[in-house]
Amino acid sequence: MPPKRPQALEKLHVEPHDKGVSITDTMTLVVKGEGGVEMRVKQTGIAQGPGSSSAGGQPKSDAVMNKIKFEDLRIGSELGKGSQGKVRVAQHKLTGEKYAMKYIAFDGDSDDMRSALEAELRQVAAVKHHNVVSSYEAFFRDGRLYIVLEYMDCGTMNNLIDRHPEGFSEDMLAYIARELFKGLEFLHHLNMIHRDIKPANVLANTKGEIKISDFGVAKTLSGGDLQTLSAQGSVPYMSPERIQSKPYSFNSDIWSAGLTIAECAFREYPFASLKPKLFELCQAIASGTAKINWDDRETKFSDEFKEFIELCLRPEATRPSATEMLSHSLIQKASNVNPLEAGRWMSRKK
(Lines of atoms letter the chains of each structure in order from A and count residues from 1; the text may use other names and numbers.)
(Lines give C-alpha, C1' and ligand atoms only; values in the text may rest on other atoms or scores of the structure.)
Protein backbone atom coordinates (compact mmCIF):
# COMPACT_ATOMS: atom_id res chain seq x y z
CA MET A 1 0.00 0.00 0.00
CA PRO A 2 1.40 3.45 -0.91
CA PRO A 3 2.34 5.70 2.02
CA LYS A 4 -0.40 8.02 3.26
CA ARG A 5 -0.15 11.54 1.87
CA PRO A 6 0.32 14.20 4.61
CA GLN A 7 -2.43 16.82 4.77
CA ALA A 8 0.10 19.57 3.90
CA LEU A 9 0.55 17.97 0.47
CA GLU A 10 -3.09 17.82 -0.55
CA LYS A 11 -2.63 20.86 -2.82
CA LEU A 12 0.18 19.20 -4.74
CA HIS A 13 -0.55 17.22 -7.87
CA VAL A 14 -0.03 13.49 -8.26
CA GLU A 15 1.87 12.47 -11.40
CA PRO A 16 1.45 12.88 -14.25
CA HIS A 17 1.66 16.68 -14.12
CA ASP A 18 3.00 18.85 -16.91
CA LYS A 19 4.89 21.39 -14.79
CA GLY A 20 5.71 22.70 -11.36
CA VAL A 21 5.86 20.65 -8.19
CA SER A 22 4.21 17.25 -7.81
CA ILE A 23 4.52 14.03 -5.85
CA THR A 24 4.13 10.47 -7.01
CA ASP A 25 1.96 7.87 -5.31
CA THR A 26 5.19 6.53 -3.75
CA MET A 27 5.84 9.91 -2.10
CA THR A 28 8.63 11.03 -4.42
CA LEU A 29 8.90 14.79 -4.81
CA VAL A 30 9.12 15.83 -8.47
CA VAL A 31 10.27 19.33 -9.40
CA LYS A 32 10.07 20.18 -13.09
CA GLY A 33 12.23 23.18 -13.77
CA GLU A 34 12.98 25.41 -16.70
CA GLY A 35 14.16 23.67 -19.84
CA GLY A 36 12.37 20.44 -18.94
CA VAL A 37 14.93 19.41 -16.32
CA GLU A 38 13.29 17.11 -13.78
CA MET A 39 14.56 16.55 -10.26
CA ARG A 40 13.24 13.80 -7.99
CA VAL A 41 13.75 13.45 -4.26
CA LYS A 42 12.79 10.34 -2.27
CA GLN A 43 12.79 9.52 1.43
CA THR A 44 16.22 7.96 0.89
CA GLY A 45 17.70 10.88 -1.03
CA ILE A 46 17.98 12.39 -4.49
CA ALA A 47 17.03 10.10 -7.36
CA GLN A 48 17.95 10.70 -10.96
CA GLY A 49 15.10 12.03 -13.09
CA PRO A 50 14.95 12.28 -16.88
CA GLY A 51 17.36 14.93 -18.10
CA SER A 52 19.12 15.40 -14.75
CA SER A 53 22.89 15.27 -14.48
CA SER A 54 25.82 16.68 -12.59
CA ALA A 55 27.61 19.88 -13.53
CA GLY A 56 29.94 17.95 -15.84
CA GLY A 57 27.02 16.44 -17.73
CA GLN A 58 27.44 12.93 -16.32
CA PRO A 59 24.70 11.33 -14.21
CA LYS A 60 25.63 10.90 -10.58
CA SER A 61 25.61 7.37 -9.21
CA ASP A 62 23.43 6.35 -6.28
CA ALA A 63 26.61 5.79 -4.26
CA VAL A 64 27.55 9.44 -4.66
CA MET A 65 24.08 10.91 -4.24
CA ASN A 66 23.12 8.81 -1.20
CA LYS A 67 26.34 8.85 0.82
CA ILE A 68 24.49 10.38 3.80
CA LYS A 69 21.48 8.59 5.27
CA PHE A 70 18.73 10.52 7.03
CA GLU A 71 18.58 7.96 9.84
CA ASP A 72 22.27 8.56 10.62
CA LEU A 73 21.68 12.23 11.44
CA ARG A 74 20.75 13.61 14.85
CA ILE A 75 18.97 16.95 14.36
CA GLY A 76 19.61 19.57 17.03
CA SER A 77 19.06 23.25 17.74
CA GLU A 78 18.01 25.92 15.26
CA LEU A 79 20.81 27.85 13.54
CA GLY A 80 18.65 30.36 11.73
CA LYS A 81 16.08 30.92 9.01
CA GLY A 82 16.70 31.01 5.28
CA SER A 83 14.62 32.53 2.51
CA GLN A 84 12.48 29.40 2.22
CA GLY A 85 12.86 27.50 5.47
CA LYS A 86 14.55 26.97 8.82
CA VAL A 87 18.06 25.61 9.37
CA ARG A 88 19.11 23.35 12.24
CA VAL A 89 22.42 21.80 13.19
CA ALA A 90 22.67 18.06 12.52
CA GLN A 91 25.34 15.63 13.68
CA HIS A 92 26.24 12.30 12.12
CA LYS A 93 25.70 9.62 14.75
CA LEU A 94 28.66 7.52 13.60
CA THR A 95 31.31 10.05 12.57
CA GLY A 96 30.35 13.02 14.76
CA GLU A 97 30.60 15.35 11.77
CA LYS A 98 28.30 18.36 11.89
CA TYR A 99 26.04 19.57 9.09
CA ALA A 100 23.43 22.26 8.65
CA MET A 101 20.00 20.79 7.89
CA LYS A 102 17.64 23.05 6.00
CA TYR A 103 14.01 22.03 5.86
CA ILE A 104 11.27 23.47 3.69
CA ALA A 105 7.57 22.87 4.30
CA PHE A 106 5.10 23.00 1.39
CA ASP A 107 2.17 25.33 0.86
CA GLY A 108 1.10 24.31 -2.63
CA ASP A 109 2.26 24.37 -6.25
CA SER A 110 3.05 28.05 -6.80
CA ASP A 111 5.61 29.50 -9.21
CA ASP A 112 7.61 30.82 -6.26
CA MET A 113 7.62 27.39 -4.60
CA ARG A 114 8.72 25.66 -7.80
CA SER A 115 11.47 28.21 -8.40
CA ALA A 116 12.69 27.92 -4.81
CA LEU A 117 12.81 24.13 -4.90
CA GLU A 118 14.50 24.13 -8.29
CA ALA A 119 17.15 26.58 -7.07
CA GLU A 120 17.82 24.61 -3.88
CA LEU A 121 18.00 21.25 -5.65
CA ARG A 122 20.14 22.64 -8.46
CA GLN A 123 22.68 23.62 -5.81
CA VAL A 124 22.73 20.07 -4.44
CA ALA A 125 23.24 18.65 -7.91
CA ALA A 126 25.69 21.03 -9.52
CA VAL A 127 26.90 24.11 -7.63
CA LYS A 128 30.32 23.17 -6.22
CA HIS A 129 32.86 25.89 -5.45
CA HIS A 130 35.27 26.87 -2.68
CA ASN A 131 33.24 30.01 -1.94
CA VAL A 132 29.77 28.46 -2.03
CA VAL A 133 28.32 26.45 0.86
CA SER A 134 28.26 22.80 -0.23
CA SER A 135 25.04 20.79 -0.38
CA TYR A 136 25.47 17.07 0.14
CA GLU A 137 22.06 15.42 -0.09
CA ALA A 138 18.32 16.00 0.01
CA PHE A 139 15.44 13.97 1.46
CA PHE A 140 11.66 14.22 1.06
CA ARG A 141 9.95 13.00 4.21
CA ASP A 142 6.66 13.77 5.98
CA GLY A 143 5.80 16.61 3.64
CA ARG A 144 9.14 18.39 4.02
CA LEU A 145 12.21 18.74 1.87
CA TYR A 146 15.37 18.33 3.96
CA ILE A 147 18.68 19.53 2.50
CA VAL A 148 21.99 18.56 4.11
CA LEU A 149 24.43 21.48 3.92
CA GLU A 150 28.00 22.18 4.91
CA TYR A 151 28.21 23.43 8.51
CA MET A 152 29.96 26.80 8.79
CA ASP A 153 31.05 26.93 12.42
CA CYS A 154 31.74 30.69 12.64
CA GLY A 155 28.26 31.62 11.46
CA THR A 156 27.25 34.61 9.36
CA MET A 157 28.76 38.04 8.84
CA ASN A 158 26.10 39.27 11.27
CA ASN A 159 27.56 36.94 13.89
CA LEU A 160 31.08 38.25 13.22
CA ILE A 161 29.90 41.84 13.53
CA ASP A 162 28.34 41.02 16.92
CA ARG A 163 31.45 39.17 18.14
CA HIS A 164 33.91 41.91 17.15
CA PRO A 165 32.90 45.29 18.57
CA GLU A 166 36.40 46.52 17.75
CA GLY A 167 35.53 46.23 14.07
CA PHE A 168 37.16 44.60 11.06
CA SER A 169 40.61 45.60 9.85
CA GLU A 170 40.74 46.82 6.26
CA ASP A 171 42.88 43.81 5.35
CA MET A 172 40.16 41.54 6.74
CA LEU A 173 37.49 43.44 4.81
CA ALA A 174 39.56 42.99 1.64
CA TYR A 175 39.90 39.26 2.40
CA ILE A 176 36.16 38.80 2.90
CA ALA A 177 35.44 40.86 -0.23
CA ARG A 178 37.83 38.76 -2.33
CA GLU A 179 36.25 35.49 -1.26
CA LEU A 180 32.70 36.81 -1.67
CA PHE A 181 33.36 38.15 -5.16
CA LYS A 182 35.09 34.92 -6.20
CA GLY A 183 31.90 33.10 -5.26
CA LEU A 184 29.79 35.59 -7.21
CA GLU A 185 32.09 35.34 -10.22
CA PHE A 186 31.55 31.57 -10.25
CA LEU A 187 27.76 31.84 -9.91
CA HIS A 188 27.54 34.46 -12.64
CA HIS A 189 29.59 32.24 -14.97
CA LEU A 190 26.85 29.64 -14.39
CA ASN A 191 24.29 32.29 -15.48
CA MET A 192 22.97 32.36 -11.92
CA ILE A 193 21.91 35.51 -10.04
CA HIS A 194 21.86 34.90 -6.29
CA ARG A 195 19.39 37.76 -5.60
CA ASP A 196 19.76 37.69 -1.81
CA ILE A 197 23.35 38.61 -0.97
CA LYS A 198 23.41 40.12 2.52
CA PRO A 199 25.43 39.60 5.73
CA ALA A 200 23.11 36.78 6.87
CA ASN A 201 23.88 34.81 3.69
CA VAL A 202 27.68 35.14 3.78
CA LEU A 203 29.15 32.53 6.14
CA ALA A 204 32.57 31.81 7.65
CA ASN A 205 34.34 28.89 9.30
CA THR A 206 37.42 28.26 11.45
CA LYS A 207 39.45 27.44 8.33
CA GLY A 208 39.05 31.07 7.31
CA GLU A 209 36.76 30.19 4.44
CA ILE A 210 34.05 32.61 3.31
CA LYS A 211 31.07 31.09 1.51
CA ILE A 212 27.77 32.17 -0.02
CA SER A 213 24.66 30.42 1.27
CA ASP A 214 20.87 30.26 0.76
CA PHE A 215 19.89 29.76 -2.88
CA GLY A 216 16.16 29.79 -2.20
CA VAL A 217 15.54 32.83 -4.43
CA ALA A 218 18.44 32.35 -6.89
CA LYS A 219 17.59 32.68 -10.57
CA THR A 220 19.35 30.93 -13.43
CA LEU A 221 19.05 32.74 -16.75
CA SER A 222 18.60 30.50 -19.77
CA GLY A 223 17.90 30.59 -23.46
CA GLY A 224 20.26 33.49 -24.09
CA ASP A 225 18.50 35.76 -21.57
CA LEU A 226 20.82 38.09 -19.70
CA GLN A 227 18.16 39.87 -17.65
CA THR A 228 15.09 39.06 -15.59
CA LEU A 229 12.18 40.97 -14.04
CA SER A 230 11.06 38.70 -11.20
CA ALA A 231 11.12 40.22 -7.71
CA GLN A 232 12.75 38.11 -4.99
CA GLY A 233 15.13 38.84 -2.12
CA SER A 234 15.60 41.22 0.82
CA VAL A 235 14.47 44.76 -0.02
CA PRO A 236 17.14 46.75 1.92
CA TYR A 237 19.89 45.06 -0.13
CA MET A 238 18.18 45.33 -3.53
CA SER A 239 19.77 47.44 -6.26
CA PRO A 240 17.97 50.51 -7.68
CA GLU A 241 16.91 48.71 -10.86
CA ARG A 242 15.32 45.96 -8.78
CA ILE A 243 13.50 48.43 -6.52
CA GLN A 244 12.17 50.11 -9.68
CA SER A 245 10.99 46.73 -11.10
CA LYS A 246 13.23 47.20 -14.13
CA PRO A 247 15.06 44.35 -15.89
CA TYR A 248 18.19 43.44 -13.94
CA SER A 249 21.15 41.14 -14.37
CA PHE A 250 24.20 39.73 -12.62
CA ASN A 251 25.57 43.04 -11.40
CA SER A 252 22.51 43.51 -9.19
CA ASP A 253 24.38 41.07 -6.90
CA ILE A 254 27.36 43.46 -6.94
CA TRP A 255 25.25 46.22 -5.35
CA SER A 256 24.15 43.81 -2.60
CA ALA A 257 27.72 42.61 -2.05
CA GLY A 258 28.95 46.19 -1.74
CA LEU A 259 26.37 46.91 0.95
CA THR A 260 27.36 43.68 2.71
CA ILE A 261 31.06 44.60 2.86
CA ALA A 262 30.16 48.15 3.94
CA GLU A 263 27.97 46.75 6.73
CA CYS A 264 30.90 44.65 7.98
CA ALA A 265 33.01 47.82 7.99
CA PHE A 266 30.44 50.07 9.69
CA ARG A 267 28.95 47.40 11.98
CA GLU A 268 25.53 48.63 10.87
CA TYR A 269 23.46 48.80 7.68
CA PRO A 270 25.04 51.51 5.45
CA PHE A 271 21.77 53.46 5.15
CA ALA A 272 20.86 52.81 8.79
CA SER A 273 18.81 55.97 9.33
CA LEU A 274 16.43 54.91 6.55
CA LYS A 275 16.16 51.17 7.24
CA PRO A 276 13.17 51.38 9.65
CA LYS A 277 11.29 53.47 7.08
CA LEU A 278 10.97 50.97 4.24
CA PHE A 279 9.05 53.23 1.85
CA GLU A 280 11.54 56.10 2.27
CA LEU A 281 14.44 53.65 1.93
CA CYS A 282 13.07 52.27 -1.34
CA GLN A 283 12.54 55.79 -2.65
CA ALA A 284 16.08 56.82 -1.75
CA ILE A 285 17.66 53.74 -3.34
CA ALA A 286 15.53 53.98 -6.48
CA SER A 287 16.23 57.70 -6.95
CA GLY A 288 19.94 57.43 -6.24
CA THR A 289 19.78 59.70 -3.18
CA ALA A 290 20.78 56.91 -0.76
CA LYS A 291 24.45 57.73 -0.25
CA ILE A 292 27.14 56.75 2.23
CA ASN A 293 28.38 59.78 4.17
CA TRP A 294 32.00 58.83 4.75
CA ASP A 295 32.73 61.98 6.76
CA ASP A 296 30.25 60.91 9.46
CA ARG A 297 32.06 57.63 10.12
CA GLU A 298 34.12 57.40 13.30
CA THR A 299 36.49 54.96 11.61
CA LYS A 300 38.43 56.46 8.75
CA PHE A 301 38.78 54.28 5.68
CA SER A 302 41.33 54.41 2.89
CA ASP A 303 40.48 55.95 -0.46
CA GLU A 304 40.86 52.45 -1.93
CA PHE A 305 38.16 51.04 0.31
CA LYS A 306 35.78 53.94 -0.29
CA GLU A 307 36.28 53.66 -4.06
CA PHE A 308 35.63 49.90 -3.93
CA ILE A 309 32.29 50.36 -2.17
CA GLU A 310 31.26 53.28 -4.38
CA LEU A 311 31.96 51.20 -7.50
CA CYS A 312 29.60 48.51 -6.20
CA LEU A 313 26.92 51.16 -5.67
CA ARG A 314 27.11 52.71 -9.11
CA PRO A 315 24.07 52.83 -11.41
CA GLU A 316 23.44 49.55 -13.22
CA ALA A 317 24.87 50.71 -16.57
CA THR A 318 28.32 51.47 -15.12
CA ARG A 319 28.43 49.01 -12.22
CA PRO A 320 31.35 46.58 -12.63
CA SER A 321 31.13 42.80 -12.82
CA ALA A 322 32.46 40.48 -10.13
CA THR A 323 35.51 39.76 -12.29
CA GLU A 324 36.22 43.47 -12.65
CA MET A 325 35.83 44.04 -8.91
CA LEU A 326 38.39 41.30 -8.23
CA SER A 327 41.00 43.33 -10.13
CA HIS A 328 40.52 46.36 -7.84
CA SER A 329 43.58 47.43 -5.85
CA LEU A 330 41.77 46.87 -2.52
CA ILE A 331 41.68 43.12 -3.21
CA GLN A 332 45.50 43.01 -3.16
CA LYS A 333 45.32 43.67 0.60
CA ALA A 334 43.64 40.28 1.03
CA SER A 335 47.06 38.64 0.55
CA ASN A 336 48.08 40.11 3.93
CA VAL A 337 45.61 37.78 5.65
CA ASN A 338 46.54 34.19 6.46
CA PRO A 339 43.38 32.04 6.16
CA LEU A 340 44.09 30.11 9.38
CA GLU A 341 44.68 33.34 11.30
CA ALA A 342 41.46 34.66 9.78
CA GLY A 343 39.67 31.55 11.02
CA ARG A 344 40.98 32.05 14.54
CA TRP A 345 39.88 35.69 14.49
CA MET A 346 36.44 34.78 13.13
CA SER A 347 35.88 32.13 15.81
CA ARG A 348 36.97 34.37 18.67
CA LYS A 349 34.27 35.19 21.21
CA LYS A 350 33.61 38.64 22.65
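First residue shown is number 1, and so on along the chain.
For all residues, glycine too, the Cβ spot is worked out from N, Cα and C.
Annotated in Swiss-Prot:
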| type | residues | note |
| --- | --- | --- |
| DOMAIN | 73-331 | domain 'Protein kinase' |
| BINDING | LEU79, GLY80, LYS81, GLY82, SER83, GLN84, GLY85, LYS86, VAL87, LYS102 | ATP binding site |
| ACT_SITE | ASP196 | active site, proton acceptor |
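Taking the features listed in Swiss-Prot, we show where each one sits on the structure.
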| residue | record | contacts (Cβ under 8 Å, 6+ apart) |
| --- | --- | --- |
| LEU79 | ATP binding site | VAL87, ARG88, VAL89, ALA100, GLY155 |
| LYS81 | ATP binding site | VAL87 |
| GLY85 | ATP binding site | LYS102, TYR103, ILE104, ALA105, LEU145, GLY216 |
Integer mean pLDDT for the domain 'Protein kinase' (73-331): 90
LEU79 (ATP binding site) in three-state DSSP notation: strand
Among VAL87, ASP196 [recorded positions], residue with fewest other Cβ within 10 Å: VAL87
Where VAL87 (ATP binding site) falls in three-state DSSP terms: strand
Coarse DSSP state, helix versus strand versus coil, of the residue listed as 'active site, proton acceptor': coil
